[in-house]
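Feature annotations, reproduced from TrEMBL:
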type: TRANSMEM; residues: 66-90; note: transmembrane segment
type: TRANSMEM; residues: 111-137; note: transmembrane segment
type: TRANSMEM; residues: 157-176; note: transmembrane segment
type: TRANSMEM; residues: 183-207; note: transmembrane segment
type: TRANSMEM; residues: 302-320; note: transmembrane segment
type: TRANSMEM; residues: 341-363; note: transmembrane segment
type: TRANSMEM; residues: 383-404; note: transmembrane segment
type: TRANSMEM; residues: 468-493; note: transmembrane segment
type: TRANSMEM; residues: 513-536; note: transmembrane segment
Amino acid sequence: MPFILANEVCEKLAVVGFNANMISYLTTQLHMPLTKAANTLTNFGGTASLTPLLGAFIADAYAGRFWTLTVASIIYQIGMTSLTLSAILPQFRPPPCKGEQVCQQATSGQLAILYGSLLLGALGSGGIRPCVVAFGADQFDETDPKQSTKTWKYFNWYYFVMGVSILVAVTVLVYIQDNIGWGLGLGIPTVAMFLSIIAFVIGYPLYRHMDPAGSPFTRLLQVSVAAFKKRKLAMVSDPKLLYRNEELDTSISLGGRLVHTKQMTFLDKAAIVTEEDFVKSSQAPNLWRLNTVHRVEELKSVIRMGPIWAAGILLITAYAQQSTFSLQQAKTMDRHLTKSFEIPAGSMSVFTMVSMLSTIALYDRFLVRIARRFTGLDRGITFLHRMGIGFMISILATLVAGFVEVKRKQAALAHGLQDKAKSTIPISVFWLVPQYSLHGIAEAFMAIGHLEFFYDQSPESMRSTATALFWTSISVGNYVSTLLVSLVHKFSAGPDESNWLPDNNLNKGKLEYFYWLLTGMQVVNLLYYICCAKLYTYKPIQVHSKDNESEEDGVELANASKV
């Protein structure tokens, strides 16, 4: 575990040091308009969170998690090196502009280098993100009762370690980028990424490796095709008549076999045995016509997770504003701690990280023990309850953000600075602390709960893929942010050039309306999530007994002893 967590520290330091202040790089170094820069970042974030599906497929089906992680880290390293060189060499960015003169935007060639670097970063993230969490959790043996209940602690530790590295990135690295230079500011995380690769590879002999069990997408497709082919068959009277083959499922059910559930019975037809289902020369079934109950239940598990997955999208959309519009708010406010020291705007997310880390520590050390007395559950509350708490706190975060924006604009108007976009408004940047902190608390509940949910409720042979679903919700959330910003920018434009989200002067906008729009959407989303959570069925699994293999295996809900 120390090697895996050390890798995560360096990797996250690199990723966040790469992204935390990137909007400042795009607007001050490449001279992009604000909305274009914000959409570039959310599009990159969306793509980087979508590629984990590809990385998860490669890991689960062919390469395994270790080698996928290693190769993906090298690809990410190349992308970071490219961006660092473009920040150092002046010919790769437009000339600096002074005063109020119109800035020259980056040329197509300069943007090509930027987008190429971001694309390599997105591809690298695609292999790292779905595998690093699952690979760490793989180090616990689920058939050992002493280890199986420790995975929830691992998720807390994973997020805590990740949070510490993010904290360093948004303070030290952002300060270097703003005050010393972008070459050094991007060079440090590039070196950190290189060290993370070395640390991870050195630990190879110590890891518990899980062999790839074939393409999970192929199995899901086989069940779908078989069910479609047999759609006209009458359902069997007794589920015990459905096809089971322990030998066939051995490689994909090391921790236990999934048992039949009563939902989505139309898929059960894929497990009805007919004469045409077996290959003539052997007893092996034609998997495009006949599948085991375990394989059918794999598909059911994935489908059940869909509505919960969708509920996480809007929270990410709200969270994404911290690195775009909240950061722009901070740039207009008084950020001085002393007369000579000024907090970089990109470092405001330190309050998100501190609140997230504090919440995780309190949750792990105190809240779990208190909740355990009432619920009897080892982890205190279920991950569905944990996610619900995160949703409610996120609603409060965007609601507060709207009122703070009203306060900021009132200060600008009172001091005659409404028309001066680049002037500092005499209002403390610490007015933004509540919204940043509430987002951090929400993430401590929602993000970890979401991650636990996908890992715990997914079929064991698809855990990289399931972790990728966590990142795809982030991807879609970023894309929804891009779409929402674009639509609001377009349809809120007035004939007098007014706009909720103006490109050049936030003081003349209506950013508070945008925050409250997000608040309303999240309220509707919370109601949707509550309905989904109440209707959700936990996967039932037939657990292999490690103490006495001859005894009949016990059937339990996957959450019975862990959730």
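Cβ atoms are placed via backbone N, Cα and C, with glycine included.
TrEMBL does not curate its annotations; it predicts them automatically.
The stretches the transmembrane segment (157-176) and the transmembrane segment (341-363) meet in space: the count of Cβ pairs below 8 angstroms, excluding pairs fewer than 6 apart in sequence, reaches at least three. Beyond its flanks by at least six residues, the transmembrane segment (111-137) meets 1, 4-5, 7-8, 11, 15, 18, 30, 44, 47-56, 58-59, 65-66, 68-69, 71-80, 82-83, 86, 92, 151, 154-155, 158, 207, 451, 455, 463-468, 471 of its own chain at Cβ-Cβ distances under 8 Å. Beyond the transmembrane segment (513-536), the same-chain residues lying 6 or more positions past its ends with a Cβ under 8 Å from any Cβ of the stretch are 304, 307-308, 311, 314-315, 317-318, 321, 325, 384, 387-388, 391-392, 394-395, 398-399, 401-402, 405, 484, 488, 492, 500-501.
Remote same-chain residues near the transmembrane segment (468-493) are listed as 35, 38-39, 42-43, 45-50, 52-53, 55-56, 129-130, 305, 309-310, 312-317, 319-321, 324, 450-451, 454, 458, 499-501, 510, 513-514, 517-518 (criterion: CB distance under 8 Å, separation of at least six residues from the stretch ends).
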